[in-house]
Amino acid sequence: MNARWAGRRAGARLHLVRHGQSTWNAEGLLQGQTLHVPLSPDGVKQALTVAEALEREPVGEVWTSDQLRCVQTAELVAARHHLRVRRSVLLREQCHGIWEGTPVAGRAAVLAAADPDWAPAGGETPRELLGRAGRFLGALNAGAPHRVAATGPDVVVVSHGETIRALFAAALGLGVERMPTHIPVNGTVHTISPGPVPAEPAPLDHRTASRPEAERIT
């Protein structure tokens, strides 16, 4: 079962950040779990804008996927709070198997309409992705008492478009059928605030730190 985010009960917020534009985003290539794709020059600017947007928030931890485009984004955010970046493989992007490194065009619509238990050969299904997001939140919940007593209660998580959808659903206790359909664009912050979960959660609540052309798949 997916672990809801316990920080909602402790007055903390969860800031879900999609990494800045990568070089493969700019080239229109499907990245998935390809590790060493860096930020583009525009992506660095987006990451700096995200860091500025979160600078005054009471952030106690900054977590990131271990994929380079996220690490580079997270380091800029963490520097504003004098925090070290914590990495987790559980925050990696959804694996797209044999499709990784191929053009996004023609793939995005197939992935968006796919059955929750389907993936390209060697890839990860949406249901598996949601389970992975829940495992990350379970680990995050375990560290909540230390975090609230440290520099601040809020948590920043830098991840990828598909994974942020799954984290949002897991944090609110939603099933795979109710995962948001919206994939956040590069350089946006999606904040989950304390309070009761509504019967029909609204689409991802976000603040746009920059306004690049929408990237449908990371």
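Cβ coordinates are placed from backbone N, Cα and C, and glycine is handled just like the others.
Per TrEMBL, active site, tele-phosphohistidine intermediate is recorded for HIS19.
Sequence annotations record features per position, and here TrEMBL assigns active site, proton donor/acceptor to GLU93.
Positions annotated as substrate binding site by TrEMBL: ARG18, HIS19, GLY20, GLN21, SER22, THR23, TRP24, ASN25, ARG69.
Annotation source TrEMBL lists compositional bias 'Basic and acidic residues' at 203-218.
Marked as region 'Disordered' by TrEMBL: 194-218.
For the recorded site, GLU93 (active site, proton donor/acceptor), the DSSP three-state label reads coil.
When the Cα atoms are compared, GLU93 (active site, proton donor/acceptor) and TRP24 (substrate binding site) turn out to be 14 Å apart. Rounded to a whole number, the C-alpha distance linking ARG69 (substrate binding site) with HIS19 (active site, tele-phosphohistidine intermediate) is 6 angstrom.
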